[in-house]
Amino acid sequence: MKSETGYMGFVVVLVFMVLLALQLATLSAPATQIAYSDFRKLAAAAQLDDLEVSPTRITGVLRSASAAAALPASDAEAIKRAGTPWRFSTKRVTDERLIDTLAATGTRYRGADDDTWIGTLASWIVPIAVFALVWNLMLRRPRGGLQDWSGVGKSKPRVYVEAKTGIDFDDIAGIDEAKAELQQIVAFLRAPARYQRLGGKIPKGVLIVGAPGTGKTLLAKAVAGEAGVPFFSTSGSSFVEMFVGVGAARVRDLFEQAQQKAPCIIFIDELDALGKVRGAGLASGNDEREQTLNQLLVEMDGFQANSGVILMAATNRPEILDPALLRPGRFDRHIAIDRPDLTGRRQILSVHVKHVKLGPDVDLGELASRTPGFVGADLANIVNEAALHAAELDKPAIDMSDFDEAIDRAMTGMERKSRVMSEREKITIAHHEAGHALIAQTRAHSDPVKKVSIIPRGIAALGYTQQVPTEDRYVLRKSELLDRLDVLLGGRVAEEIVFGDVSTGAENDLERATEMARHMVARYGMSERIGLATFGDADTQGLSPLVWQRGGERCSESTATRIDDEIQRLLAEAHDRVSRTLKERRGALERIAGYLLEHEVVDHDKLVRLVNDEPTPEPGARDPGGDAAKRSGIGAAPAKPPAEVGSAELRDPARKADNADHSVPQ
């Protein structure tokens, strides 16, 4: 609607210019008056064309400049000066032979009516009237565009009246704690007298904080749907325009609309676009965004706690919000939505599969265990991708193989069937991934390996080793981190042992291993030589993984050198441990690599048999009922800090755009 209004001024000006040009075109090249006798000579000589014969006048053009030679010098000069076409005009006299002459010389002519003063006036009045009408319509349409000066300060939130949000708490799963906290808000909106009778004050504002895709907006709509009250939905970026004072005016207008429909809910999505901490810019004194934020603070102080208007907002960057916005009395209640655990993921999947047709072999528990770290939006996407995959194969229902493909695609990207690798590269990749898988199987604190593949996927992954945590963990021990270092270096060391050379494919492994070792030394106090002091970056990152928000090392140069030396020591010790293991288990390494070269994919059960040198059956149908997953003890979500080692990938060195771990979203 706003873009349509933005076109209006341009359209009006364009129409006016076109009409004006047409008028000027009719007035251009004025006709030169000549005598009728000269006209008769030119007609007899066949020097005329395009005649227009009216009851009182005859107009036309000369066929060439040389035809003007038959005219008096003054008329000839006037015609030439006017330029092409050489137009002339003469007063018509009674001449019965004129038509015969024109017919004999083959001159084109047509009849016309005389111009009247009414026609001339209409030719000017009509364009002006059209212009005025369009301009008036534009001004009277309150769309808030650049030409709509009267409505530029009006807020235009989406308003869902009563329970028409279409969402209630039954549509929300996996975040039971957040729903429980909001039950009080719903109860107040349904029966405010219950709280006012005892003098209680409902929170003025509720701030929902969570990573992208965790369901913040959905939760706010569910509150309105449960309470059955109007729901004003807008975003933080919609308040700020190019005009000074527009944002503040829209904030005032939004709260005025809400007061008229109380009890109701105002929901501002992406609050960080509006509520950033003030004074951070060079021109902060005249910053339009700061004026808008100031007005929001004033409005939140202005309406009463029991007025029935509740402000809800959502953000995934709470660390950059202004402290004045977060104090009690404004956003009194902060609700954090974390990534769902195993039970939460299963509940979320059960909601999303209600509208799809599932096969008898689909096990939501196994799917939940295979998607650690996934948020609600990720799980919804997996269900949709599985449905699309099944539809492409014309299946009557979605089975586990469709979900397997959807999960692999979400973790590592689309399978790159068009990428053709040489036999030498395949051998390198197979031994690299075999090294990761073998070390993961031999370490007591390593997560089980779900799948090993040398099929290229995504932008840069040439192969991957997919690990899935066995349980929800929020604290990691030093022994677990050391085992993870070993797994990350398994691919690189395997190349050294088998080929006596190394490749560029371990780039991502080395980056992650170095980062993990740095955290152990500088943040977690896991180095005896450095001690218990921490020298890590200030924790300003919050939920937004932006590198520019991180500070530098808070230590002296000598301490930084010692930290670097300790990181090198940890990596060197991990390298030695991995090297000893792979040399001792060289046979298992070759068996895994050989199986990968033949079949391209190894699942958990086959990997265990290959490591233990047991007979390996040919690849066939997957174990019914998720037996493989049950035997492997595959469980739930990754630990929080540090980032989960979900997979080790061999990456294409020519594609450095994506160095993130595709296997387990963080």
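Placement of Cβ uses the backbone N, Cα and C atoms for every residue, glycine included.
Remember, predicted model here, so these are calculated numbers, not experimental data.
Long-range neighbours of Thr214 (ATP binding site) (same chain, six or more residues apart, CB within less than 8 Å of its CB): Ile175, Ile337, Asp338, Arg339, Pro340, Val375, Gly376, Ala377. In the three-state DSSP scheme, Thr214 (ATP binding site) is classed as coil. If you look up Swiss-Prot, you'll see Gly210, Ala211, Pro212, Gly213, Thr214, Gly215, Lys216, Thr217 marked as ATP binding site, on the strength of sequence analysis.
The Cβ neighbour count for Asp509 (Zn(2+) binding site), using a 10 Å radius over every protein chain in view, is 23. Per Swiss-Prot, Zn(2+) binding site is recorded for His432, His436, Asp509, and the stated evidence type is sequence analysis.
Taken from Swiss-Prot, the feature active site applies to Glu433. Its own atom aside, the Cβ of Glu433 (active site) has 30 Cβ atoms within 10 angstroms in the protein chains shown.
Under the heading region 'Disordered', Swiss-Prot lists 612-666.
The compositional bias 'Basic and acidic residues' annotation in Swiss-Prot covers 620-630 (among others).
If you look up Swiss-Prot, you'll see 649-666 (among others) marked as compositional bias 'Basic and acidic residues'.
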Rank aside, I only need the closest one: which of the binding-site residues Gly210, Pro212, Gly215, Lys216, Thr217 has its C-alpha nearest to that of His436 (Zn(2+) binding site)? Pro212
Determine, for the ATP site, the additional residues of the same chain whose CB lies within 8 Å of the mean position of the CB atoms of Gly210, Ala211, Pro212, Gly213, Thr214, Gly215, Lys216, Thr217; present them in sequence order. Ala314, Asn316, Ile337, Val375, Gly376, Ala377
Asp509 (Zn(2+) binding site) and Gly215 (ATP binding site), distance between Cα atoms, whole Å: 32
Out of Gly210, Ala211, Lys216, His436, the listed binding-site residues, fewest other Cβ atoms within 10 Å surround the Cβ of Ala211
If we check Cα distances from Ala211 (ATP binding site), which of the recorded positions His432, Glu433, Asp509 wins as closest? Asp509
Distance from His432 (Zn(2+) binding site) back to Gly210 (ATP binding site), taken between C-alpha atoms, in Å: 37
